[in-house]
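Let me begin by presenting the structure, written as structure tokens, before commenting on it.
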Amino acid sequence: MRIGFVGLGNMGSGMAANLVKAGHAVRAFDLSDAARARAGEAGCMVADSARAAVAEADVVVTMLPNGAIVERVYADDIVGVSPPAALLVDCSTIDVATARRVAESAQGYAMVDAPVSGGIAAANAGTLTFMVGGDGAAFARAEPVLAAMGKAVIHAGGSGAGQAAKICNNMILGATMVATCEAFALAERLGLDLRTFYDISSKASGQSWSMTSYCPVAGVGPVSPADRDFTGGFAAALMLKDLRLATEAAAAAGAEVPMGARAAELYAAFAEAGHGGLDFSAIIRTFQQ
Ligand code: NAD
């Protein structure tokens, strides 16, 4: 298939490379020269504009920083530029309302929102999980393309449902990470050996993914960013972005999300203190001070 790919950053570069490996002809564009060069090395045909990347595409994939940029790129460079039969797939994490607005503006095209779970390592390895919003026909077309970049492709519902699933999932992740961090910090103050506490709680009802797959304490549980001084992994600034999307969606829907809102406040303070580039599990430092 001819795939136009726009946004070759930390995530998009590995995703585009995996589409090439799967045998697709990928025409790729990013504003950054370095990102375009990297895509060329991975076997993509490098385009000199987003419009050139998508003009002859069967499928358009975008992986961009935020909703404002997604809306602008679809309005300026994709809708009316891509062939009318093209399938449009936005994998960026953006707010539900913008995702629905972009899909409406692309009327006549088949379109899905398909945000991902899994970080840069999963993007490179082709093991992302995609949560997909759109009608059944668009999902059926998107599924084999997304499967080349991921280990799971799940239809969440209609337009915007992929984004809704993503922000609800990440709100759980942010809140459970904060809870896990404060509990380990308290356990330490109470004189518990943290490996012993992990052995107990990982087999008891306090267990969660934040604890047993991503323990925020070095030398405890499986290898995680805590063992690398909180480098790599999922940046606290990105967790803050997702928590803000979740709390804004909750406000718009009239839903109470006290745990998500508190997690957002804690990550905002952490980022303001200059730690937004650290992995999100580094929030444990807030409770160790
Ligand atoms: P990134 O900033 O590394 O990459 C975004 C790329 O988009 C950059 O290379 C930038 O130059 C390019 N870009 C910006 N405006 C453009 C335009 N108008 N035309 C063409 N290219 C443009 O970000 P990322 O980490 O790759 O994240 C991308 C998306 O994936 C975000 O929405 C993020 O929330 C989401 N996400 C990231 C992770 C992660 O761990 N990094 C995990 C899950 C989801």
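Note that Cβ sites are derived from N, Cα and C of the backbone, with glycine treated the same way.
No curator has checked TrEMBL annotations; they are predicted automatically.
Owing to the predicted nature of the structure, the values given are computational and were not obtained by experimental measurement.
As recorded in TrEMBL, the features of this protein are as follows:
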DOMAIN    2-157  domain '6-phosphogluconate dehydrogenase NADP-binding'
DOMAIN    160-286  domain '3-hydroxyisobutyrate dehydrogenase-like NAD-binding'
ACT_SITE  Lys166  active site
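Long-range Cβ contacts of the residue listed as 'active site' within its own chain (separation 6+, distance under 8 Å): Thr93, Pro115, Val116, Ser117, Met131, Asp242. Each residue of the domain '3-hydroxyisobutyrate dehydrogenase-like NAD-binding' (160-286) gets a DSSP state, and the totals for helix, strand and coil are 88 helix, 2 strand, 37 coil.
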